[in-house]
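Taken verbatim from TrEMBL:
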BINDING   Asp30, Lys35, Thr85, Thr121, Glu155, Lys267, Arg331  NAD(+) binding site
BINDING   Phe152, Leu153, Arg154, Glu155, Lys208, Phe253, Leu254, Ser255, Pro256, Gly257, Gly261, Lys324  substrate binding site
ACT_SITE  Cys264  active site, nucleophile
DOMAIN    317-418  domain 'UDP-glucose/GDP-mannose dehydrogenase C-terminal'
Amino acid sequence: MKIAIIGTGYVGLTTGVCLADLGHQVVCIDHNPDKVARLKQGISPIFEPGIEDLIKKNLNKNLAFEVEIAPAVKNSEVIFICVNTPPKPNGQADLKYIEKAAREIAQFMNSDYKVIVDKSTVPVRTAEKVKETIMAYATEKTKFDVVSNPEFLREGSAIKDTLNPDRIVIGVDSDQAKEKMLEVYKPLIEKENSIVKIVSVRSAELIKHGANTFLATKISFANLMAETCEAAGADALEVLEAIGLDKRIGHQFLSPGIGFGGSCFPKDIAAYKKTLEILGIDYSFVSAVEEINRRAQENFLHKIEKELWVLDGKQIGILGLAFKPNTDDIRNAPALKIIEKLKNDGAKIKVYDPQAMANVKKLFSDIEYCDNPYLAAQDAEALLICTEWDEFKNLDLAKIKKIMLTPVIFDGRNIFNPQTVRDMGFKYSGIGRP
Ligand code: NAD
Ligand code: UGA
């Protein structure tokens, strides 16, 4: 099938590359010429395990990258909109890139039937607006449907999640569009037995906001339990492990830490809150999830202040800047707010991250970027773990202890065993641990 992808960020690039690898003829469009120039050379603009190999494998065969949208729209049967949907200051989803993409698509529609797919995360009833926009701006008589096909991939495992999805949600209101979408996913349905849920367009849009809000709720529940355990003298990991053994609850997304970040949970739950407000439904449940997430970070900072007392002039090492491991994405990364706060209090910051340092360098010029975790720990009065990269789990802690000025670890992701680390002579503070 001939497929166009508008927007080659984490979602568009992954979708385009995977659909090409499954045998479709794919052209990915992005209005950022630098990104497209790099992609044309087989260079991925993002760090995502496996993505560059798949780009190189399919490039110039059934995968192309272009800036110009016109030929892609004219020649494609299915057009995926994968542009960013950032939050407005009031939390509402800013749909200006969706609207712009819809207007651009409209301009180059011809008389061939096309399916326009909203893959970006959008509030319920956005597809209706996309349809109206295309109808308003189309220059030729067009035949098309707008479909909602939300994306559930996680950064760091995007390729795996796309090729082995838990489910594929297709929101369609026409049989013709349904058949086209089933053809798009036919290789996954046949080879991987992927589960497909065919639902209404509005339901599909709500499934996405619902799923992200539920996952964020699980994390905030874990962080609330961590607070409870710290106050009551219990161990949150023991408590959550046993709670998760109930098959109805499960263990995933019950790890307490310094809060969820990333480009999606914070913005998507804020957007869902706005939807509730618009529909006249009480949204205090969602506000509580946000509030606990905010506190998770605040509590971590309080512990550091309590232990170090005065931060002014103190050297602090930070390991992990990305919002989660296996990505270079720093959007809403908890580490950034922590750096900002410690810097404001006069601390001298040294950082290390296996992939995200180039992105952080664009934000902070007054912190020291280290080539390895040991340089970040050198002469530090405290070492903070902000992202649970595997590399940090296997650190030579005896060496770390020797090179730190005072051996104090604040483990924001519970990667170490408290007893082991304390037995080595560290002062150790995890999340929700006694
Ligand atoms: P991103 O910011 O990484 O990428 C968006 C891309 O779209 C950018 O490269 C931008 O240049 C391009 N773009 C914007 N308008 C364009 C236009 N008119 N024409 C051509 N290119 C255009 O965003 P992302 O992280 O890939 O997220 C995209 C959407 O998918 C968002 O709605 C997000 O909520 C959703 N989503 C993201 C993830 C994730 O893990 N990042 C997972 C599921 C869903
Ligand atoms: C999340 C969802 O998991 C995806 O299904 C969804 O498609 C995506 O958002 C999206 O809509 O963009 P992602 O943000 O890539 O994916 O990463 P997650 O693995 O969900 O982690 C999000 C944040 O939660 C990270 O900061 C992570 O550290 C934190 N987290 C996660 C916890 O603090 N505890 C946990 O138990 C799990």
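Just so it is clear, glycine is given a Cβ too, placed from its N, Cα and C backbone atoms.
Automated prediction, rather than curation, is the source of TrEMBL annotations.
The structure, with features from TrEMBL marked on it.
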{"residue": "Lys35", "record": "NAD(+) binding site", "Cβ contacts under 8 Å, 6 or more apart": "Thr8, Pro45"}
{"residue": "Thr85", "record": "NAD(+) binding site", "Cβ contacts under 8 Å, 6 or more apart": "Ala93, Asp94, Leu95, Tyr97, Ile98, Ser120, Thr121, Val122, Lys267, Ala271"}
{"residue": "Arg154", "record": "substrate binding site", "Cβ contacts under 8 Å, 6 or more apart": "Asp161, Lys324"}
{"residue": "Glu155", "record": "NAD(+) binding site", "Cβ contacts under 8 Å, 6 or more apart": "Tyr10, Glu48, Gly262, Lys324, Asn326, Thr327, Asp329"}
{"residue": "Lys208", "record": "substrate binding site", "Cβ contacts under 8 Å, 6 or more apart": "Thr121, Val122, Pro150, Glu151, Phe152, Val169, Asp268"}
{"residue": "Leu254", "record": "substrate binding site", "Cβ contacts under 8 Å, 6 or more apart": "Lys218, Ile219, Phe221, Ala222, Leu240, Ile243, Gly244"}
{"residue": "Pro256", "record": "substrate binding site", "Cβ contacts under 8 Å, 6 or more apart": "Ile219, Ala222, Asn223, Met225, Ala226, Ala236, Leu240, Ala296, Asn414, Ile431, Gly432"}
{"residue": "Cys264", "record": "active site, nucleophile", "Cβ contacts under 8 Å, 6 or more apart": "Thr121, Asn212"}
{"residue": "Arg331", "record": "NAD(+) binding site", "Cβ contacts under 8 Å, 6 or more apart": "Gly261, Gly262, Ser263, Phe323"}
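Proximity of the recorded positions (Thr85, Arg154, Cys264, Lys267) to ligand 2: a Cβ under 6 Å from the molecule is found for Arg154, Cys264.
Under the DSSP three-state reduction, Lys35 (NAD(+) binding site) is assigned to helix. The DSSP secondary structure for Thr121 (NAD(+) binding site) is coil. Residues Thr85, Cys264, taken from the recorded positions Thr85, Leu254, Cys264, are distinguished by a CB atom under 6 angstroms from ligand 1. Cβ neighbours within 10 Å of Gly261 (substrate binding site), excluding its own Cβ and spanning all shown chains: 25.
Asp30 (NAD(+) binding site) is surrounded by 24 other CB atoms, counting those within 10 A of its CB over all protein chains shown. In this record, substrate is bound by Phe152, Leu153, Arg154, Glu155, Lys208, Phe253, Leu254, Ser255, Pro256, Gly257, Gly261, Lys324; the longest C-alpha to C-alpha distance in that set is 24 Å.
The binding residues for NAD(+) are recorded as Asp30, Lys35, Thr85, Thr121, Glu155, Lys267, Arg331; their greatest pairwise CA distance is 24 Å.
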